[in-house]
């Protein structure tokens, strides 16, 4: 679809700054775990300036909730894929409620009455009309099949038929225009019903078969009306539009947004059982299974292989379970995009708050199942060794989540995203240095660069150093009797571990990779926004 024309605000070209416009999408994208009161409260703290007291923000939020007729559902959770929550019509009113907190100068509504009965539609639209008149707002709404009462609330009417403008003017002039063009509205019929029936071409074939000979089809009617409007009637509605330029409204500071988003995200993760709690249960089961199968591996020659297998399983398969949170990541990205569209906060606030709120839960997942695995299997004792083990496990899980968030931005589909994430992790596992020793990997592609960009390499080698340095094992008595093997020999000769740096460097590299993934997410979102604006500007310049 080609877009032509120039977008003017009060007769001049200017950008829509924060607080000057708001857009309520057709889809109700809300955080399902929050109650109506909590969702509006958090949104008020994000949008309203720091100069307002917290009590004033709460009072303003409750007033807007009451105005939209949601007082009875204030403490009811919005609901979604896990719980039922409020109805679809109430969700629509919630979306409108959130965007009206700042009283924007321009309010765009995409089908605001969908999911509402005729009474609720009238009350919602009449309230918006009253607020618009009181606050000096301009409301632009796309409405399908409005009732007569709702239709009477509109001051201006724009009729579109398959991208063609049939009429643009006041509601009172629309009936006159249709009558003059040969399509009068029958007595006692809703004018909006008559307009839509006249220009709806979807059922032209059936209309022609059952209609009288002199009856015009919708395609013919649309052509007649379009030509009539552009030839004569458009001159009556053409006028000069002027006004003061829009000014950016004050909003919350970066720190306030960061704290509010972190608190909201933390609460969402706590209430969503599929986010971390289900994974914690699975990790506990895996910890019990792994700990009992490799129970107290000891310090025999065969324990070398057992310790390596425990480390491999922990690094590869336990961190692999982090992709289970992908559906929740997709929902977070949808909410971020909707709120980002209205300018509630930036990409940096979202990235930092998501990381801060997820870290405590990942620490719990790493410490409790990690302790079960560590002490049941009898790995190297000591507070430092255990702390390194759980820190690396936590960092790997956070790193995988960072990778899955990138995939959620690029591929916002549950099934495809999980498949892609599993495929990428599977490829990284093969190059981690366990299934195939580093020196045996084919150098083109698999060792350079795949081996060095796989986080499994640094996690496995860090675990190996943490486990084997300082230990000694009896050698294979079939080869050499009464001899021992040191942990350093195992690392250098058997496992081909890079010993030029300590295990803490491995952990630091994992941390750097996690930060890099988060920055990649930031860059992808920013580049996508800039490209979209540039392409749109180039297209408009060409069309001029």
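Backbone N, Cα and C define each Cβ position, glycine as well.
TrEMBL tags one of the stretches 226-246, 247-267, 310-330 as transmembrane segment, and that stretch is 310-330. Your range for transmembrane segment, going by TrEMBL and the list 159-182, 183-206, 351-374, is 351-374.
In the domain 'ABC transporter' (14-114), the DSSP tally of helix, strand and coil residues is 41 helix, 11 strand, 49 coil.
Of the recorded ranges 273-298, 351-374, 418-437, 504-525, the transmembrane segment (386-411) has the largest number of C-beta contacts under 8 angstroms with 504-525.
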